Amino acid sequence: MVRPWVFCLLLFPCSSAYSDSWMPLVNLTQHLLQEANSSFSSNCWVCLSIQTQRSLAMPAPLRTWTETPMKLRIMYSARTLSGPYPITDLERRLQNFQPLTPHSSFVNPDQRAIAFLQITSVTGILPILSRITSVRYPDDHVYESAQRPIWGSLSTQTILTSQAPLCISRFFKNSNHATFVGKLPASLCNHTFQLSPSANHQSIDLSSSYAFAPLMAMPGSKWRNPLRFSGPPSLNSGMPHYSCPIDDIHCHTYPTTPWRSCPSFPASTCYNLTLFEPDNSSHPITLSVDTTYFKIKLQGHKDPYPLFQYQPLMGAALSGQYSIWEYEPTVKKNGGITPNIFSHLVSLTYSFCLNSSGVFFLCGNSTYVCLPANWSGVCTLVFQYPDIELLPNNQTISVPLFATVPSSVPASRRKRALPLLPLLAGLGIASALGLGIAGITTSTVYFQQLSKALSDSLDEIATSIISLQDQIDSLAGVVLQNRRALDLIVAERGGTCLFLQEECCFYINQSGVVRHAARKLRERASELGTSSSSWIQWLGLGPWLPSWLTSLMAPILFILVLLVFRPCLLNCLTHSVSRRMSSFIHTTTEGHVDKILLLRESQYKRLPQEPPEEDAV
């Protein structure tokens, strides 16, 4: 199988910094080779594969699990607002409804859903199930869902180079409700956290919930019905656990959810783990895991809070679908009350995306930036890089630098490929001159015909190429317009390529190269046409005479012919003129001579005075 390369670069002992986007990979490769004291670090070919679906991955260190932020994207839907819609456009959609004040006398549950969304939007506690913090970021305010996510796998043939220190696993009892992203084998995970989405529900009194305290304190708010939420996920490490210490300092900067109390009571469950880094097996690292907030803290490292509210473990655990119901007591005609009747208000879908460049989730053989809401499988954090191969500097590379060679083309075919037109021209000349001196006249005539046919063919080819290039330019313009329109239509899903989960294809305009080649073909055709129509070439004198003398051959030969045949021409001309003159004189004077002789022989007589008689006539 022929390996396709995007480029190959020769490394030297002293490589300077490069500004190109792909050069950091080459510099990093050389740095790693130098640290490993490899012989390839001083002089070798570094080749990067152009196959975007194939890549290599290195396990991320444990500090990446604590210092890598994540972005939360929330989609909501209700019966009145059928979705799902991004939570960021909630205020715009709520403008289509009249302001409502929630109270228990609402009969229509859709009105209560709109009222619930309006109240939570006005109080500024959206996203409803996300963190509640006084820290406001200038880019997205309190929302962490403004960034457009990148859905789907980035590569599907990723190979993990070594064992990961930490993995996360999550599976659903009903696989129909899950999105399987991939599964890493147990041998590639030093330790695995087991995440379990809960199917239970929790009813919360709004008056006792920190998250909804501003809602209950609003003037005119008469909402007294309890709410029911989807239950929280759980984490199991399989290790001995203990009660986590209560943290009052950073309590309000944690990802608070309606089923959380701040500070947590009872105390959260924590695990202590001793793990090894991928590149350092002699110095273990101890970490603690809070199963309530899904928080990882490394011993001897500074707590990243409140700077980063969502860790990768939090995002992986909280990803899912959540629903909110309202307890709706029904009053019968006889005055009785039917309890435990809940009406659905809102459904929320949580999806988390890594917000740090260079860090990816590896699930099985696929890498992701965003985990789907109901993801299932076994994943870990990795650093991804393209497939890089090293070749000795004395090895010949069969493809040019910065060239793309399709893998479907055999190497033998690529080596046999020769330019067609020069090859045909060479064969024509060889066949014309191969008959020798005996057949030089005949072969020259045949070669003239072949050259004329080749000239016509080149001109037709050039015309066809220009016509095809015009069609391609026109088609490319239409395709690019359609591409821009499709990107606008699916902009919320990341654009056309991400929506289709395919590689992006871009049009590279090579019209300049094509038109230049066509111009060369026309020039070649013109030269061949001129050579074919020249009678000097037909005489076989062209190659042995200079060009300036060739242009004077016609008048010189004409003058020489006149000088050589001048006496004959003059004699012929004189004789012809004399003969023509004699003939002319003879024809002109012959009648006049006869009349003169006739006049000499006749005699003069007197004319009669009387009229002649009739019988005399």
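Every residue, even glycine, has its Cβ placed from backbone N, Cα and C.
Taken from Swiss-Prot, the feature disulfide bond applies to CYS44-CYS47, CYS497-CYS504, supported by similarity to another entry. Summarising the annotation, Swiss-Prot assigns N-linked glycosylation site to ASN27, ASN272, ASN365 and lists sequence analysis as the type of evidence. Feature annotation from Swiss-Prot assigns region 'Fusion peptide' to 420-440; the stated evidence is a curator's inference. Annotated motif 'CXXC' per Swiss-Prot: 44-47, in sequence order. The motif 'CX6CC' annotation in Swiss-Prot covers 497-505. Taken from Swiss-Prot, the feature topological domain 'Extracellular' applies to 18-544, supported by a curator's inference. Look at Swiss-Prot and you will find 566-617 tagged as topological domain 'Cytoplasmic', backed by a curator's inference. Marked as transmembrane segment by Swiss-Prot: 545-565.
Positions of Swiss-Prot features highlighted on the structure.
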residue: ASN272; record: N-linked glycosylation site; Cβ neighbours (10 Å): 14
residue: ASN365; record: N-linked glycosylation site; Cβ neighbours (10 Å): 19
residue: CYS497; record: disulfide bond; Cβ neighbours (10 Å): 17
* Asked: For ASN272 (N-linked glycosylation site) and ASN365 (N-linked glycosylation site), what Cα-Cα distance in Å is obtained after rounding to a whole number?
  -> 29
* Cα distance (Å, whole number) from ASN365 (N-linked glycosylation site) to CYS497 (disulfide bond) -> 20
* Helix, strand or coil: which one is ASN272 (N-linked glycosylation site) in, per DSSP? -> strand
* To do: Specify the secondary structure state of CYS497 (disulfide bond) as given by DSSP, simplified to three classes.
  => helix
